[in-house]
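Below is one structure, written out as structure tokens; the observations come after it.
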Amino acid sequence: MFLTIALLITGLILLVYGSDRLVYGAAVFARSLKIPPYIVGLTIMGIGTSLPELMVSITAAQDGLPNIAVGNAIGSNITNLLLITGAASLIRPITVKSDILRRELPLMLLITAFVGYILADSYLSRLDGIVLLLTALFFIALMIKMTTVSQDDGLDSYMQERDAELPVEGNKGIALLWVVLGLIILPISTRMVIDNAAVVARIYGISELIIGLTILAVGTSLPELATSIAAAIKGENDMAMGNIIGSNVFNITLVLGIPSILSPSVISPQAFSRDFWVMMAASVLFTIFCLGRKHRLNRLNGILLLGCFIAYFVVLFVSNYYGTD
């Protein structure tokens, strides 16, 4: 059992590292091709933070484990909104200054509500997946349009912080080597994660949905955690919040959508009746804090978010123990 847990943790670490190297190499290569920084940030860097979740969910769905895939996507969003945002605002109160982010927040809420409609019948069809994929593309196109308009009006604070974090131009050959290394590590590490997560679920009698919502969701959210904590420490408030918003949109569109296209599946009713509503409530709470009178998340807000996260985990494991999941 110890070996299984060790392999699961090792797989998660390698998955995060492989994703980071792949995204870094792709970003450097794109910058070398003179692609505008804001395009690189919105596409490669934006989608890249959800790459671990995407790999896990695709592999799980293809292995006939759709509840792990769905749990990972929903759980990652809950982790982002409650654990990561709570931890970041405890380190330093966060003020959202960016007009772009303030416009993204209502859009995130609308997309989240729409995903609830898709989850309500406990079946993710190929058509559902296509619609979610198109939603992700619409979001990217809209963000590019908003960013272009913002550039004409003067550089937005979020754009300044994000562009400052982009990799600089570098050697194309080395960048491609990082991409290749990432492509080699990702499938190996994902296989380690899925196989050992399934073993842990079987040994401890934990449902696949809860494994996805907890262990895998937290593990695959490590890039968002590291990025948001680092941004909070440096006082890059909009960067910290922008990572959360972008990751959440891609998690419930790409991470749910692509596996559905590849492997349409029946999913647990609990994914909608319990977990979706927790994600929706967390999204609303997050939006209220960010768009409130002071556009500010203080330490008290952070404590509340972390408390909600802990309470949710307790509910999950109690429901699993009493066989309601």
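Cβ from N, Cα, C; glycine included.
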Pick from 35-56, 79-100: which stretch is listed in TrEMBL under transmembrane segment?
35-56
Count, for each of 35-56, 105-124, 130-149, 209-233, the Cβ pairs lying under 8 Å from the transmembrane segment (303-322), and report the range with the highest count.
209-233
Where DSSP helix means H, G or I and strand means E or B, what are the helix, strand and coil counts for the domain 'Sodium/calcium exchanger membrane region' (5-144)?
118 helix, 4 strand, 18 coil
Given a Cβ distance threshold of under 8 angstroms, which distant residues of the chain, six or more beyond its ends, lie next to the transmembrane segment (170-189)?
11-15, 17-26, 28-29, 31-32, 51, 55, 59
Relative to the transmembrane segment (35-56), the stretch among 105-124, 130-149, 209-233 with the most Cβ pairs under 8 Å is 209-233
